[in-house]
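Over in Swiss-Prot, the protein carries these features:
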type    : residues                       : note
BINDING : Gly154, Gly156, Lys157, Thr158 : ATP binding site
REGION  : 1-73                           : region 'Domain I, interacts with DnaA modulators'
REGION  : 73-109                         : region 'Domain II'
REGION  : 110-326                        : region 'Domain III, AAA+ region'
REGION  : 327-448                        : region 'Domain IV, binds dsDNA'
Amino acid sequence: MNTHLTETWEKAINIIKGELTEVSFNTWIKSINPISLENNSLKLAVPNDFTKGILESRYKDLIVNALKLLTSKKYNIDFIVTTEEKIEENQKNHNNEKSNIVVNDEMSTMLNPKYTFDSFVIGNSNRFAHAASLAVAESPAKAYNPLFIYGGVGLGKTHLMHAIGHYILHNNPKSQVVYVSSEKFTNELINSIKDDKNVEFRNKYRNIDILLVDDIQFIAGKERTQEEFFHTFNALYEANKQIIISSDRPPKEIPTLEDRLRSRFEWGLIADIQAPDFETRMAILKKKADVENLNIPNEVMVYIATKIKSNIRELEGALIRIVAFSSLTNKEISIDLASEALKDIISSKQTRQVTIDIIQEVVANYYNLKIEDLKSARRTRNIAFPRQIAMYLSRKLTDMSLPKIGEEFGGRDHTTVIHAYEKISNNLKKDESLQNAIKELNKRINQK
């Protein structure tokens, strides 16, 4: 980011700050980051689609007028949600470097500046994973290699991975650190094959010091991706480089993952993160309020921590929702306001019935399939077995009749449902990995 853009934006937000209440400014304007300025077009990074919508409908003209007051120019404002993909797209558009080799800056490593060890809230549910991550960050490739972190959605896996990257770069700015999702790794591999750039792709991921791969479970079932990642893993490991991997489940429970990869993932340390307990949820809320400079009554945070239990994203999302509700309605934050703001979220969690649709969605996601696969006529094992599990769970967790369950799975006969239920029931008596899978699926279904 150039100095002129930074200085201009800082002056603009000082003008805007004088036009808004403290709550409105901290909620909507403070989180904006300028990205680029070209031909009177200003691109601003915002944290999510909800914030983008509010800014476009309520605050865009205010920003335009503040900039016009400073520069005598009318700028076109473009709000960009800062997902990995959009950050990467922005880099491609504004980075003059044409080489695929990674350079040492925060943007090239795709690290989120907010995800550091200092901003991570430690509790009983994540203490071990945090300690392992810090040990790896302090002594890359010497403590635990690879480090495999697993846990449910929104529990802090990605935060710890980014924190490791930041810590290493802070202590050794020359380190080549790359953070990538398994989906992005796959897409880059596909493009390298299509464009005949295999060498560049391999150089990018094998000539580095630290590789952080998020959501590794998504390479399961992708033979070419697994083949390439296997050789990438070997090259880095043999060169004594650090590998950190995250997943929503331990290696032994990732379906259709090659055994040679599974065994390598188990070479180092496996650390899990569980859902936060009440004390940790309270600490997370207080940390978020402090960082965002939000004045939230303690009893409101207790209310949120009592009602929202599943993950950190939902906790922080509930807090922002309450602040937004307060700002938009011009009402003080209280338990009554919090109850009103969260009524849809809380009531849906309390009253939502388990349905076959929910079961199919969870099972399909767990096994990296599409819901249509479970309903299809295909009988390959990687589809037939998850389908049988989904039928088993449908009979266990819903009141639907056998014919109705069969109908929801592509119009199958009720005898097929009976066969699936009996097969899974019998296998559960002797198959520990299946027991773990069913336990995890039940947990995810209950969180829906």
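Even glycines carry a Cβ here, placed using N, Cα and C.
Taking a C-beta cut-off of under 8 angstroms and a sequence separation of 6 or more, Gly156 (ATP binding site) has the following same-chain neighbours: Phe120, Asn126, Ala129, Ile273, Ile312. Each residue in the region 'Domain I, interacts with DnaA modulators' (1-73) gets a DSSP state, and the totals come to 46 helix, 12 strand, 15 coil. Taking Cβ-Cβ distances under 8 Å and a sequence separation of 6 or more, the neighbours of Gly154 (ATP binding site) in its chain are Ser310, Asn311, Ile312, Arg313, Glu314. Cβ neighbours within 10 Å of Thr158 (ATP binding site), excluding its own Cβ and spanning all shown chains: 19. Taking the centroid of the Cβ atoms of Gly154, Gly156, Lys157, Thr158 as the ATP site, the other same-chain residues with Cβ within 8 Å of it are Gly151, Val153, Leu155, His159, Leu160, Ser246, Ile273, Ile312, Arg313. Residues within less than 8 Å, Cβ to Cβ, of Lys157 (ATP binding site) and separated from it by at least 6 positions along the same chain comprise Ala129, Ile149, Tyr150, Gly151, Asp214, Ser246, Ile273.
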